[in-house]
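The structure appears right after this line, and notes come after that.
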2 protein chains.
Amino acid sequence: MTDTRYGYECAPWELRWHTLDVDALPRTESAFALSNGHIGLRGTLEEGEPRGLPGTYLNGFYEQHELPYAESGYGYPEEGQTVVNVTDGKILRLLVEDEPLDMRYGAATAHERVLDFRSGTLRRVTEWSSPTGRRVRVSTERLVSFTQRAVAAIRYEVEPVDEDLQLVVQSDLLANEPIESDTKDPRVALALKSPLVGEFHHATDLNAVLVHRTRRSELRVAAAMDHQIEVDNGVHTHIHSEEDLARLTVAVNVPRGGRLRITKFLTYGWSAQRSVPALRAQAESALAGALQTGWDGLVAEQRQFLDDFWATSDIEIEGDPELQQAVRFALFHLLQAGARGETRAIAGKGLTGPGYDGHAFWDTETFVLPVLTYTMPDATRDALRWRHSTLDKARERAAQLGLRGAAFPWRSINGAECSAYWPAGTAGFHVSADIADAVLRYVAATGDDEFERTHGAELLVETARLWSSLGHFDHHGQFRIDGVTGPDEYSAVVDNNIYTNLMARRNLRGAVQVCGRHPEAVAEFGVGSGELDRWRAAADAMALPYDEELGLHPQSEGFLQHAEWDYEGTPPECYPLLLHYPYFDLYRKQVSKQADLVLAMHLCGDSFTPEQKARNFAYYEARTVRDSSLSAGTQAVMAAEVGHLELAYDYLAEAALTDLHDLHDNVRNGLHMASLAGAWQGMVAGFGGMRDHGETLAFAPRLPAQLGRIAFRLTFRDTRFEVAIDRDHATYRVLAGKPLDVLHHGDRVTLTTEPQRFSIPKIDAGAAPVQPPGRAPVRRDATKMRQFGGWRAEHS
Amino acid sequence: MTDTRYGYECAPWELRWHTLDVDALPRTESAFALSNGHIGLRGTLEEGEPRGLPGTYLNGFYEQHELPYAESGYGYPEEGQTVVNVTDGKILRLLVEDEPLDMRYGAATAHERVLDFRSGTLRRVTEWSSPTGRRVRVSTERLVSFTQRAVAAIRYEVEPVDEDLQLVVQSDLLANEPIESDTKDPRVALALKSPLVGEFHHATDLNAVLVHRTRRSELRVAAAMDHQIEVDNGVHTHIHSEEDLARLTVAVNVPRGGRLRITKFLTYGWSAQRSVPALRAQAESALAGALQTGWDGLVAEQRQFLDDFWATSDIEIEGDPELQQAVRFALFHLLQAGARGETRAIAGKGLTGPGYDGHAFWDTETFVLPVLTYTMPDATRDALRWRHSTLDKARERAAQLGLRGAAFPWRSINGAECSAYWPAGTAGFHVSADIADAVLRYVAATGDDEFERTHGAELLVETARLWSSLGHFDHHGQFRIDGVTGPDEYSAVVDNNIYTNLMARRNLRGAVQVCGRHPEAVAEFGVGSGELDRWRAAADAMALPYDEELGLHPQSEGFLQHAEWDYEGTPPECYPLLLHYPYFDLYRKQVSKQADLVLAMHLCGDSFTPEQKARNFAYYEARTVRDSSLSAGTQAVMAAEVGHLELAYDYLAEAALTDLHDLHDNVRNGLHMASLAGAWQGMVAGFGGMRDHGETLAFAPRLPAQLGRIAFRLTFRDTRFEVAIDRDHATYRVLAGKPLDVLHHGDRVTLTTEPQRFSIPKIDAGAAPVQPPGRAPVRRDATKMRQFGGWRAEHS
């Protein structure tokens with residue numbers, strides 16, 4: 001039985017879909033997207049149509065457009081960037097006796113697509129009857145190679161079912177596909193309408209190449225394809241190229257019982273610098289490598305890569321099969337987003353869709369990189385090298401804003417600020433502390449001294465300089481950071497946001513420490529001893545407002561004196577609030593779009609007592625509406641810490657299912673990487689209770705009643721280990737590497753390859769806090785879920 | 001001798017200019033603009049070119065355009081409005097023996113223009129030699145009639161100087177003149193490029209009419225002209241009309257010693273409702289009236305109107321002739337802006353230029369209407385009737401923002417919000433309290449019970465409702481108004497701005513009182529007793545933050561804890577700051593663009609002790625950069641109150657000379673009405689010490705050493721009286737009407753037609769406060785000024 005609400009079948013290692021709901025295609029294209037962090041292909045049908053958005057994305061490849069302002073201001077970014085759908089090589093069109101295979105016509109008697117988390121491929125089987133009754137079975141499998149980052153490949157097979165058939169397959173490279181844009185801004189729409197200017201095309205034998213560049217950003221892309229054709233009968237092929245199209249046409253008569261198999265190898269090269277011949281050569285050489293490896297070789301490499309990944313990163317869950325699937329789906333897509341980015345950004349949507357214009361946000365450092373740090377640390381290193389590569393732009397931005405050091409952008413593809421609404425963009429300075437935090441975490445988790453010296457130190461020093469110039473000592477000697485925006489986007493331009501101040505403090509102290517470890521950095525970056533003293537003093541005097549009377553931390557100064565939002569008077573259809581109420585009203589009331597102080601309590605938990613955490617958590621629970629997909633994972637973590645395990649479970653499920661259940665009704669534009677990361681956070685930091693803000697990695701495992709057992713694998717300082725948690729005990733075991741000291745519920749223990757079992761102390765958290773009316777997470781009932789989802793073996 | 005810096009000669013009752021500096025034309029066009037509040041004509045040369053901006057404006061006549069947002073938000077206004085240059089009837093082109101009179105060619109041997117504050121006309125004499133040496137003397141005089149509001153008239157005379165000459169005059173009505181726009185927004189530029197669509201044209205005999213409408217706002221305008229021609233010889237005339245042009249051509253041979261005189265009568269009618277025939281008829285009937293009155297009659301009516309105005313409103317100044325001229329210039333232009341507005345807005349620039357898109361702001365109620373209230377109260381009544389006529393739009397806006405009552409727009413022509421940057425627009429809710437304040441002041445000053453009943457009560461009730469819903473009682477019982485923007489535009493979205501809270505309190509109490517006086521209003525507007533109680537309670541519990549430790553009022557909560565601006569490190573060329581620093585940095589530091597708390601201390605002076613005023617004034621002086629033209633007048637008033645009379649004098653001069661000295665380098669776009677009003681405020685509320693926030697009108701006169709005597713005239717409750725102030729005494733005298741009780745330095749006195757002389761108590765204010773480096777007002781030295789300016793009789 002298929003879960004008829006969401007369309008996906010429940011299975012532990014794959015995402016399977018076997019209805020043909022044309023309206024649902026756009027969101028399945030995001031879920032079925034393949035990527036290696038370098039190239040991304042949306043999960044469109046091979047025949048190109050019907051489809052939502054075609055979507056072939058190259059990391060760092062964008063078009064520029066003017067940002068319009070009815071009332072402009074100093075320092076407003078003038079140019080926006082938006083991800084571009086490049087030359088589409090996914091297309092293989094099929095004519096069955098002159099009738100095009102199109103799922104909107106004729107009849108599909110079977111249709112199934114499977115994203116396989118272990119093979120790293122997307123498989124499809126379609127049985128289709130043409131309007132005149134000719135039946136074919138089309139089987140495809142495709143991959144975007146983790147091992148050969150410029151390469152994608154598609155195996156395409158057609159079998160006549162009832163009779164001999166003439167089949168014609170057209171395999172395209174298609175540039176400037178017409179797409180519908182959601183944007184209302186005519187300038188953005190124009191920029192995206194036909195973004196590529198043809199510069200070169202060539203076709204010969206079974207291969208072709210197209211080279212284009214964008215009009216304004218002047219980035220160049222080469223797309224190349226080659227083919228292998230396997231069929232018994234004589235085949236007629238023709239290849240052709242023009243400015244925006246290269247096409248291999250294959251015509252053949254296939255008898256009943258026979259099969260046409262085409263393997264398409266597809267490569268991309270892009271650059272802001274390289275010439276047309278150089279990029280053409282780059283794409284064609286990648287093609288040569290792919291052909292040499294061959295389809296079977298690529299598939300085998302892919303499987304090996306994923307076997308390694310799961311061996312280090314898997315999370316097992318007993319008691320909730322749908323959650324098991326969702327968490328593996330999340331890990332698979334996080335891997336896809338980060339695996340081969342290699343000094344390019346990890347965007348908010350990865351490479352799965354055009355949402356957020358393809359921009360990277362603080363999401364990456366705060367939500368995605370912690371996952372990668374403990375599962376695939378090289379991906380974290382590479383993502384931080386991207387930030388490092390944009391330091392010049394961040395320094396220019398800081399100087400433009402009258403600040404020292406580096407001010408990283410709120411949203412960007414190339415490192416330049418693209419946020420056109422400064423109270424929610426520029427003022428969100430915490431992104432720079434989030435980057436510093438990710439550097440500190442990565443270095444602590446890996447001991448990568450080389451990275452710290454070559455990249456980390458400069459990032460820490462320049463962001464510390466930002467904070468030092470952004471804050472000031474008031475007449476009581478407190479170090480205040482005024483007029484900034486914290487994580488909660490329903491508050492803006494506030495004084496002493498606790499999250500921001502705590503993260504800035506960590507940033508300042510981290511910079512002091514790195515200068516101590518790397519005296520050459522002190523010299524190289526011109527850090528004076530007066531500067532180090534000021535950082536220390538600022539960190540020590542950091543303002544952290546606390547309301548003694550209420551016994552609460554305000555998320556920012558004055559927050560607790562603001563009016564309450566009228567939650568009772570807000571009907572369900574008026575969420576998300578920002579679409580129905582003005583910013584001015586949201587900003588001045590006690591309503592949080594997302595975890596803000598609660599995120600501070602997670603990431604900087606050592607700055608709060610357990611009693612403060614419990615009180616604060618309950619207070620903000622009643623005022624957090626979760627209009628942001630960034631929130632549920634953090635709420636899961638803190639709910640677990642303060643002992644509300646069922647609530648944590650509900651939040652974790654929400655984070656994990658955000659995309660599979662399309663909770664925000666926008667998954668057609670791409671997956672929410674931070675929410676997928678929130679699923680891992682909910683498991684590892686929530687039920688595992690992992691914290692990394694102390695000297696020693698700490699765990700405080702505790703399961704909700706619904707789950708029988710969970711187990712997760714992490715890597716810390718080259719030691720790979722597993723934490724398995726059941727009702728009353730946690731079992732730790734080193735899988736590879738040296739013994740490791742960790743804390744279990746506050747007790748130091750040394751992990752070895754021998755499993756060690758520790759009991760879990762009880763916690764009585766009292767009554768669960770309440771959320772605003774209608775904003776509680778869906779109460780998760782795994783038993784009930786199984787009725788919908790269930791194992792495919794059991795139900796279909 | 002002419003003041004070579006600014007070009008204007010100093011004279012007590014006129015503004016004279018007799019150089020020909022083509023580059024200076026744009027700003028003289030604003031200073032020489034004629035208007036009656038209904039129609040405005042910029043002071044362009046009759047021949048049309050050279051010119052800055054042609055500028056014919058009709059109050060309330062605008063075009064709409066889309067407001068673009070790179071990132072939009074709920075409640076953002078979608079349509080902007082911008083004043084339109086309508087059909088230009090000022091043009092009379094002259095051909096002298098086939099050479100067009102153009103000041104850029106040939107040679108002007110004499111050129112003088114005079115704006116006469118008593119005749120209410122703009123006169124011009126030009127002696128010009130054509131490139132081939134033909135000399136003519138052109139004398140013109142024009143007026144926009146105060147008595148016939150749809151009428152303007154131009155007398156145009158040409159005399160050959162050396163020889164008989166053939167003269168051809170073309171008198172135009174010209175629509176869609178090409179103008180250069182400052183805007184960077186292509187949509188606004190497009191809206192203004194050719195805004196008028198021709199609907200009707202007709203010409204016969206010496207008269208013609210054109211009817212147009214705007215493309216998007218669908219407003220219709222009819223412009224009509226008729227002529228009288230006086231010349232000895234035979235004259236050939238021809239009249240012609242087409243869609244965008246009507247032209248009377250007059251050709252005649254004029255002998256040396258002879259003269260061609262053309263009197264052009266020009267009328268306008270406009271409407272959102274009326275048809276083409278109706279509007280044509282309206283313009284033509286106004287024309288018939290003008291012709292019947294005739295040129296001499298119009299001139300005589302104009303003189304009488306101005307005699308009456310000066311008799312009730314003049315300010316005399318001894319000791320500073322340039323200031324005398326500037327203050328009369330200010331009064332004259334305030335009269336022009338407000339005289340015949342009649343339920344249309346008084347825009348920030350009046351009808352003198354396209355600056356601020358022709359929008360009206362809070363400037364009107366807070367700065368301009370107090371002047372008109374005591375000099376021409378009917379103009380205040382009419383301006384408030386305009387606000388009343390927009391109540392439906394203000395109620396809709398409040399509802400859209402989730403508020404009750406009426407939220408008046410930050411900037412508008414037709415009453416709908418046009419501000420595209422909400423932190424400085426929508427959040428400036430104080431505009432609604434400013435309107436309420438103007439209602440209360442007008443009613444108190446006039447006793448116009450009829451207006452209070454028909455218009456005032458509803459304005460007060462609906463604005464009180466706004467405040468009641470905008471604020472809330474916190475857990476200490478204080479009534480807080482959070483997240484709003486006060487007068488200072490270098491702070492935004494702050495909590496408990498004292499100016500806003502004090503004005504809201506006055507608004508709430510005024511509404512309670514008006515409901516007491518007009519029980520029918522209670523019923524008509526559905527005011528419940530619970531509502532009245534809440535208004536009273538909110539007013540009584542209004543939060544007014546005060547820092548006991550520093551002994552200062554923060555202009556808004558938290559202001560005193562913010563970082564200081566680095567004034568020392570800000571070079572002069574970096575002012576105004578908003579063009580060189582980002583909002584985020586301005587907002588979070590102790591820097592004020594303009595008087596904010598200081599304005600509160602002026603308008604709500606009874607809420608501060610004298611000691612608080614002195615301390616606060618000194619504190620904010622050091623942090624107010626006066627990047628706004630709204631500030632100097634208020635600083636003059638408060639400097640005088642706390643006893644810094646020389647500083648007050650400097651500020652007063654700055655306010656009075658803002659436009660004549662083009663201090664903000666933008667007078668080409670129109671005059672600053674609020675700054676002109678600031679000149680009156682500086683005299684009357686500053687040196688006169690007038691306050692109207694108590695039961696009884698209060699004066700506390702005191703002169704700076706530089707001025708020998710000042711005298712001003714006011715009207716209060718139908719009593720016209722004069723206050724004359726010299727070094728040690730003030731003399732009060734009723735000029736017409738009943739005796740009047742006022743306060744003189746706190747003592748109640750009854751004024752009668754007998755002059756009464758009271759001594760002025762000494763004040764020792766100690767050392768004058770300092771301003772940020774480079775931002776002190778120019779030290780005024782009237783002796784030195786006289787060298788530049790001086791009386792024309794003495795120097796030229």
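Quick reminder: no glycine exception, Cβ is built from N, Cα and C everywhere.
Unlike curated entries, TrEMBL annotations are predicted automatically.
Residues or ranges marked as domain 'Glycoside hydrolase family 65 N-terminal' in TrEMBL: B:17-271.
Residues or ranges marked as domain 'Glycoside hydrolase family 65 central catalytic' in TrEMBL: B:328-681.
B:Gln594 (substrate binding site) carries neither a helix nor a strand DSSP state and counts as coil. For B:Trp362, B:Asp363, B:Lys593, B:Gln594, the entry in TrEMBL reads substrate binding site.
The DSSP secondary structure for B:Glu489 (active site, proton donor) is coil. The active site, proton donor feature in TrEMBL is assigned to B:Glu489.
Counted with DSSP, the domain 'Glycoside hydrolase family 65 C-terminal' (B:690-751) comes out as 0 helix, 37 strand, 25 coil. The annotation domain 'Glycoside hydrolase family 65 C-terminal' is assigned in TrEMBL to B:690-751.
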Notebook entry, point to check: According to DSSP, which of helix, strand or coil covers B:Asp363 (substrate binding site)?
Noted result: helix
Check: Within 10 Å of the Cβ of B:Lys593 (substrate binding site), how many other Cβ atoms are there?
Finding: 21
Margin query: Using the CB centroid of B:Trp362, B:Asp363, B:Lys593, B:Gln594 as the substrate site centre, which other residues of the same chain sit with their CB within 8 A?
Written below: B:Phe361, B:Thr366, B:Pro487, B:Asp488, B:Glu489, B:Ser628, B:Leu630, B:Ser631, B:Ala674
Item checked: Close in space, distant in sequence - B:Gln594 (substrate binding site), Cβ under 8 Å, 6 or more apart -> B:Pro487, B:Asp488, B:Glu489, B:Thr624, B:Arg626, B:Asp627, B:Ser628, B:Leu630, B:Ser631, B:Thr634
Next item on the list: Using only the Cα atoms of B:Trp362, B:Asp363, B:Lys593, B:Gln594, which the record gives as binding substrate, return the largest interatomic distance in Å, rounded to a whole number.
Entry: 16
Check: Fewest other CB within 10 angstroms, which one of the recorded positions B:Asp363, B:Glu489?
Finding: B:Glu489
Check: Cβ distance under 8 Å to B:Trp362 (substrate binding site), same chain, sequence separation 6 or more: which residues?
Finding: B:Trp410, B:Gly428, B:His430, B:Val431, B:Asp434, B:Pro487
Check: Could you give the mean pLDDT over the domain 'Glycoside hydrolase family 65 N-terminal' (B:17-271), rounded to a whole number?
Finding: 94
